[in-house]
Structure formats: structure tokens, C-alpha cells
Amino acid sequence: MSTAGFNSQNGTGTGQTYTNGPSQNPVSLQQLPGVSYGMTHQSTFNPMQAKASVASGPGLYSSGPYQPIPPVSSYQSVPPPSSFPALPGQPLLTSPPMGGPPSHTPPLSASPSPGPRLTSAQAMPPPPAVSTGNYYASPQQPMATAWQYNTPPLQMGPPTSMSTPPSATVANHVNPALGSTVPPPPQTSSAAYGSAPVLHSVTHPPVPGMPPTSLHGYTQPGIAPPPVNPILSHGYQPNRALYGAPPTGPPPTGPLPSMKSTPPPTGPPLANAPPPPPKADGMVAGNGLQASSNYNHVDNKTAGRPQPGSPGQHLGHYPSLPPGYQNAPSAHNATSPMHPALQSTTQPYAQTPQPYQQPPGGPGPAQLSPSLAAMSLQSSTPEALRVVNLLQERNLLPPTPIPAPMPCLPQDLQKVNCNPEVFRCTLTSIPQTQSLLNKAKMPLGLLLHPFKDLSQLPVVTSSTIVRCRSCRTYINPFVSFLDQRRWKCNLCYRVNDVPEEFMYNPVSRAYGEPHKRPEVQNATIEFIAPSEYMLRPPQPAVYLFVLDVSHNAVETGYLNVFCQSLLDNINALPGDSRTKVGFITFDSTIHFYNLQEGLSQPQMLIVSDIEDIFLPTPDSLLVNLNECKELVQDLLKNLPNLFQKTMETQSALGSALQAAFKLLSPTGGRMSVFQTQLPNLGVGALQSREDPNQRASAKDIQHLSPATDFYKKLALDCSGQQVAVDLFLLSAQYCDLASLGCISRYSAGSVYYYPSYHHQHNPAQVERFQKDLKRYLTRKIGFEAVMRIRCTKGLSIHTFHGNFFVRSTDLLSLPNVNPDAGFAVQMSIEENLDDMQVVSFQAALLYTSSKGERRIRVHTLCLPVVNSLSDIFAGADVQAITGLLACMAVDRSVTASLSDARDAMTNAAIDSLASYRQSVLTIQQPGLLAPACLRLFPLYILALLKQKAFRTGTSTRLDDRVFAMCQLKYQPLAYAMLMIHPALYRVDDLTDEGALNINERTIPQPRVLQLSVEKLNREGAFLMDTGMIMYLWVGRNCNPNFLTQVLGVPSYTAVPDNLYLLPDLDTAESQRTRAFIGWLRDQRPFSPTLHIIKDESQLKSSFMQNMIEDRTEAALSYYEFLLHLQQQISK
């Protein structure tokens, strides 16, 4: 296998085939001509090229004045057949193109053949670049760096044909008529984009059968206008077969409303290619348009105009579906001519189209309110598109946490969709084309929390796991059943047979209802895998602890806390009768511990030759925990005393890691490394690179990248042997986390950082370390894991974020997987999604449980496809966008510079709001306008600029900055958002009004306040939750009742300086406060530290630095930042 891809993604190192990964069907690894499954290889991205100016091209946009992006297509442009000026008071009319491009069908998909299975590492191409970030410098504004969100770093070879329609038609539950009756969107030329005057016209009351054009007689660029000819409506019929065939009447022939007259397009059209017409052959009774299993069912004569037929006519060769299918509710509104994203999720079965009835003498465009100005009939969620003038509306922050937006799907799809806490997309409405996505100027990506602790998780034991024969997708709720014996994949549209075993439903104990199996009823499910998913017997749980015992380490006192925590939790370590443990300690030498059964006490073995490390007794250093528990407990009790008087100051961490790797290589497992200083001896030795005088520099920050590749190479070796390394860094001095962190990043481990840790001077950190250790030692763990993310044909994944090693193009190697790890991916649209109403994404995590079971956890997410910019904006998930941009900015900071990353984040806000203003708003108004769903986007971007990872001009230790970057890349979104934008509450006046009742506890729910000093007052007490740390700020004139009833002190002056625990008082106020803080803590896996601070406290400056909306010497206030954005947008 080529190592070039490994170099681009993970650094140099020998790429070994992953162990215990899923056995791939060799057929699915061959790239068929004209077929893309989102796994195409992308060339290596050179980060240095990001510094040079890059000319705008297809898929690129600059941060300067907005120019339309010439679409990429295999078809040549055709001028519109006619274009007429509008009469006064009437919408502009253009006649639509009548034909369609010839329908291209891919060749026959080969059936899987028996034979040796190939691992993905042997058969897949090398991986794309992970840490590119995909930023490109602007050709017009060199300092204002903008990024290229949604296309691979560099495209090699001929462009993919983006207008070739996908080979099969629609997925489960979706009415294909919607895809075939919507005419193509009008093409806007470069001259018209953002520069020509907008022509408004008043919409006349609609005539019967004719939906109105829009509220203002204006259709946004890229929006498909509704058809003018009457649409044959067929209402929901309870007794008809589910997923019926579409109306097959003649295509609309009348004129279409248009935004304005447009000159012929100058580039080849992308969004202008008409969608393929309905295919008469291959329709299935009860299932709409279906592809037969060989993909070659379309007759050439049906590729032109559709054949006329009655609305309910069923064409095809399959019998009607059995009664079990007919009784299910119809999944999509079969009546409305509107786009699928517009169907109401609360009333999906309207009997007839409901056109907007404008009252006589209705308002003209000049009288419309700002909220109506941006709202069109294309929006199913008008609140999301309500226009907000950010410069005028001060209190934008909702009083409660922001929920994830719901995709605009029919009810029966929505209720089985994946939990957004597990699987979330930045855009809940997927654009039809890459050019439309580029025009929206928002990133497209997924955020995953795949191994999250779940209260309910269906587990299926089956000898047959049903997967698509072509793309290997696991069967899921969004596939289509053609009949009882066949199902169609929702990712590649291949028709597959239903295995006999799948006909039996283990839940209902009924036969003949495959569509009611748990796999088809749950978007998240776990399979117990059969033997074909194993290349070796499942490994045991193996835990190796590598402990720094130098003088500095003993001084901190961490060893006592660690040993006591492990003693307390040794029986709760995940595992079975095969569980093994081992210990290595190190200073300038390496110390092993013989714990073999039969010894009366542990035996220490010292290896002083750190240049050529070896294992003194390989067979007795990792021992069975159950058999040798007493020896292990003896060692833990005596270990702190063994080194109590050591004067050894050197640290040979690199050699200790090499020894640990040798010890774990035969089995794989988890290596837990505890380090308290900069390694300064032997391999991997480091020197201090931090200049304390530069901590507050407003210039670029140096040394964010590793000083040596030793730790990265060792991590890749560990990954190849199924070893993950978790790093606990407990130090008051600089430790070069940028270098040391690589050992965890590339081995799928975690980094835990406790700055200024000391058992006496910093008791709050000690408490946090104890609680973190308990969670770390006892939480669920998966060994020798791999994860693959698949998406519907036409979409592709090109960049990954998180801690892992990419073993092949789209396979993440995770030697360990834990419930607290998050991942993110960036995506692009490689082929137009013209004839699709929905797309799906599936993440499959194959792992070995601590009990030795091979398991597969599968998550599937379904989202609608839209063809208008207003729908894309309406579905924007502002928190997911912020989380993905943070990952991209971390990469850019390391590969280019911190200032480039900061500029790119600012431009992200400028670009998206400018696109909204130019392409969605119908009436231009003064001010900084945003849709309601993006009203917090500038605030979150400013919060990122002031976050410890990216801030400048404020004193920030280098290790603190690097750790913040690690957290942003690795934390699941819910925890990362608290780091980015902390939550502020007033807690001195908590009441039971609006409180939650959980497990007979009353949890007060105070309002979330803006992060500004103006929200504080000296009469109150305020709690700030920053994720890792909570601050309880007590005002100088705080309510005496709060001081006595909650803090247990008589006055403000009596509040201790280093108070980090609330006293357990038997008062209503104390119970409310502790219940609220405890409830906040329970929502995250690791316990945040609580600091109770006063005006005189040293930590007050840290508290005030989180007041994001206020001005500092080095950063703008929120209002000033908004003015800056408005100035850039109006250029």
C-alpha cells in the first residue's frame, strides 16, 4: 500500500493493515465507472500552498467582493429559450427548457463472489489529508483569509461529472413526484448576481390551481419556482399501497415566474441541468420509482418526456405489497406540489394543496415588515428565517439552552431519525448542488459522538447482519422495501435480497414482517458480530499504567491520589476473567514490576540502559488481575513510599513509552501515562520552547506544532498494534503539550491536563483529578475498534477531525474508543442530488467490548435535499457550524498561522451573512441582517476569537492554548460549546418556579444571561459554567441571606479565598443551589472544578475574560465586532 497518503494524513510511519477490522467485500472496493460512493481518493494537500494566493475557481470563493462561482458540469450551457420583460405589476416570465439530458446509467453492479476477503487497508487507496483545514488565502484581500469549506483540498484528474443523475431514484418514504415536477432553478449570470437592481412586483391573488410565486413576486436565485400549470392532486388514501407511484401527467408547459430577466449564462450550468424525467419502466406498485437490481432497466425511449397516465396509476413488475405494508401510514405528503423540505412535520397529510391566500388590497413590497421581507413560500420554518437586525436587537440569547434544529422531514421519518446528540449535521437541509452550497458560504459537515453512553440501546444478536451487497451499508430505517423479499439501499440504491432469517421479527415473534425488525425501526442499533468480523480472537482488556516518579512528580503528590483511586476502583475496571494489568515507573531509569502469581510481594526490576530498552521478564509484567489482585493491591499501597525521598530530577519518558509499547504489542490495550515535567533524557527529549514574554503577544503564536516526530511515529506504531495512549499531564511548568499530545492524538487516546497541580496548594485540582480518574477507570471502553462513515452517492467526505489514525480512505483506526470522544468530518457534494428528496449518512463502529464480544454500533441520519438558498439557511445549525469551524481553525493555526485562522473565522461570519443579504433577502434594509437561526453566529465567532485557543493580546500559557485546541478537536459538540460560549446564571434568587423534577429532586432553572459585566451586580451571586471550570462570583453587597443560607458565612468578608466546595447546609436555598450545580455537573462525563470567587480573588481575571460581549484592551466588544462585520459586508 502506498505510504503517501499516510504521510499526508498521519505523518510518516509504516501503515500496517488494521487488526480485527470489518472484512470488506472485494467487489465494493472497485470503483465503477460513473459511480461514486463518497470514497474517492483526494490528493495530498500541501499546507504551504494555503499561504499563496489562489485564483477563484469552481468551488472556491474569496473573502473579497462576491462573484458567482462558475458551475462545473459535463453539459454545455444553453441560453434560455425565451426571456421577456415583465409588464408592470406582473412577475417576470421565462419559458422552461422542455427536454432533459440523456439519462446515464452506470454499468451492471457485480454481485459479490465468494473468495478471500480483503481488509480495507489492503484494498483501499491512501487517505486524504486530515489536518488541512482547507483554508485558502484571498486573491483580493491577502490578510482576510477565507476557507474553502466543502470541496477536497486539491482536485486531481478530470472533474467528476456533476450532472449525471444517480442511477436509481428515490429512497424509502419519499414521494418521487416531488422530484420530477419541480422545474429547474433559473441560472443567474455573473452580472446579475448581487449587482442588478431587484425588480419587485405585487403578487396577484392566485387563481385556482396556481400557487403564488412568492410573497413579493420575487423568487430567490437558485430557487425552483412552483409550476404554473395545475398539478394533479392526489390526497392521502388510507387504504392505498404505501409509497405509491407519482402522478405521471405531462410536464408543465406554461411560463415560469422568474426573479428578473437574465442574459445567457456565461459558464456551463450546474444547478440548471433539468432533473431526469420519470422513468415509466421500473416503477413498482406501492413503491414509486424503483430500480431493478441490474440498473439497466430504463428504456431509451423513456428518457425524453414522461408518458401520460392517471395520478394513481401503478406501473411495474412487482405485485402489490402485503397487508402489513399497506396499513402503515404514508410517509410523505403526496399532495403538495411544494418541495419536500417544505412539508409540515406536524401535518404531513394535508388533503389538498393550501396556496397562500393574500387578502384583497394586501401590502406591497414597501409596506412589508422586515420579518416578511426574507420569508418566502419556500420556507417551512418561518421563525428560522425571521429577519433579525443584530445591531438593534440586544437580547438575542435565549433564556434556556438551544436545542438542535429538527430536519424538515415527514413525521414517520423524523421520529426514527438519529438523536442529534449522537449524529448532527451543520446543515439540516442538504443543498442539491455544490455550487448552491458554495453560494450559501456555510460549511457542510457532520459531528459525531458515536460511543456516547445511551440509556436505551437496542442490541441484536444475529448470525446474519443484513448489509448492502454493493456499498456494505447496514440495513436501517431509511431503506425501501420493494416487497417482502427485496430492499433497496438508501445510499447506493442497489436492490438486495432479504435473507430468510430476517423475515422473522424477534420482538413481535412474527414471521413475514422484515420492515418491523429492530434494525429497520431504530436509527441507532448495536449488533453482536459473528465470527466473520474477527481476524483474531477478541483481545482481553489490558491496562498498563506508566508513572512518572521523578522528584518533581513526588512533590506534586499525584502518586498518592492515583494509587488510592485505583485501589478504590480496581473491582470496577471494565473487563472479564481475562483482564490484565501492569505497571511501569520511570525517572532517569525504567522500573518494571514482576507481579507473577506465587510471589510474596511485588518485585521491582530496574533497567538503566534507556538507549536500548528491553523487557527483563516479559511473561510476568502483565498479569491476570483476578489471579494476582493481592499483589497489585500491595504494590499500589507501597508505591508512593518507594520514591518519597527521591532526588532524581530527570525524565526519560520516551524510553518508558518504548518499553510500554513492547509490553503491550502482543495483545493491544490501553496505556495510561502520567507525566509531570518536560522529558529531558534519552529518546524523545524536549527543550523548553516557550518565551513567557510572548504569552500576551498580539502577533502570531509560535511552537503550536510538535518539536519532534518521535511521539507521532510511536503513536502510529501503537495504533498498528491496537494500543491507545492516554496522557495525564500534571505540571506547573511548560511541558510542550504540542509535542507530547501527538502520542494520544494518533493512537485515538485522550489528553487530560491539570495545570499547577499540587496536593496542598491547589485542592480544587486534586478534587477534579480524583473525580476524573474515577470516571476514566470505570467508564465503558471499546478495544481494537474501527469506524467508517458512509453517505449517499453524490456526497463525499474529505477531512476528518478528532483523535484517530486513518487506516484507509475512509476507515478510522481507533485502538480504544471511549464514551467521551467526539469526531467531525467535512463533506462536499460531488454529484448533483437533483432527483433525490433525502440523503442519508451512516457511521458504523466495530469494536471489542471489555467482555470480549465483537460488536458493531450503527448510527444512521436522514436529511432532506433542498434547491433554494432560503431553505439552506432555514436549516442551518449554528452550534454545529461553530463546532466544525473551531476544528478547522485549530488545523489552520497549526498548518499555517494563528492569524490566518482568526481571519478565516471572521470571514466565515462575513461570507454567510453577505450571502444571506444578497441572495435571500428580498428587500434590502440598513443594518446587519441575519436569519433568526443564525442570529448567534457572530456572537459565537467572537467567542471563538476570544477563546483560549485563539485569543491574542491576553497572557496565555502555550500549554493552556494547545490543550484548548485539543479539546475543541476532541470534545463532543455539547461540551465544546460550553468552552466556546460559557453559560452565566444568577443564583442568589433561585426559586422553584419552572423547576424540573428529576428523581424526586427539584432542579431550579434560572435564565441564561449574556456574557457582559452589565448583567452583573454587586447585590447578587452569579454562576459561570465554562465546561471544565465553574466560577461562583459573589458580589460585594451580596444578599446576606445567600451568604448565610448557601455559603454558611456571616458576611462577605468571611468568605474564604480558596473556597471550592459548597457546604452541605440544611436550608432550602442551599439545597436549590447545590441541586442546580449538581444537575449541571451530571450532564457531562467529567466533573468541572468549582471556584467561589470575590472581587479580590486572583481568579476574578479568568472569570472576567469570559465576558465575551465586553471590550478588552486586545479585543473588540460584541457591538464593535458587529459594526466591523457590517462594514466588511457593505464594501
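Every residue gets a Cβ built from N, Cα and C, even glycine.
Now, the feature entries from TrEMBL:
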- 9-21: compositional bias 'Low complexity' (COMPBIAS)
- 22-47: compositional bias 'Polar residues' (COMPBIAS)
- 158-169: compositional bias 'Low complexity' (COMPBIAS)
- 262-279: compositional bias 'Pro residues' (COMPBIAS)
- 327-336: compositional bias 'Polar residues' (COMPBIAS)
- 343-355: compositional bias 'Low complexity' (COMPBIAS)
- 465-501: domain 'Zinc finger Sec23/Sec24-type' (DOMAIN)
- 538-777: domain 'Sec23/Sec24 trunk' (DOMAIN)
- 782-866: domain 'Sec23/Sec24 beta-sandwich' (DOMAIN)
- 877-977: domain 'Sec23/Sec24 helical' (DOMAIN)
- 1003-1077: domain 'Gelsolin-like' (DOMAIN)
- 1-137: region 'Disordered' (REGION)
- 149-193: region 'Disordered' (REGION)
- 239-367: region 'Disordered' (REGION)
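Here the domain 'Zinc finger Sec23/Sec24-type' (465-501) does not touch the domain 'Gelsolin-like' (1003-1077). Their Cβ atoms form fewer than 3 pairs under 8 Å, with each pair 6 or more residues apart.
Secondary structure by DSSP for the domain 'Gelsolin-like' (1003-1077): 24 helix, 13 strand, 38 coil. If you average pLDDT over the domain 'Sec23/Sec24 beta-sandwich' (782-866) in this model, you get 95. Here the domain 'Sec23/Sec24 beta-sandwich' (782-866) is broken down by DSSP into helix, strand and coil counts: 0 helix, 60 strand, 25 coil. Note on the domain 'Zinc finger Sec23/Sec24-type' (465-501): DSSP counts are 2 helix, 12 strand, 23 coil. Here the domain 'Sec23/Sec24 helical' (877-977) is broken down by DSSP into helix, strand and coil counts: 70 helix, 3 strand, 28 coil.
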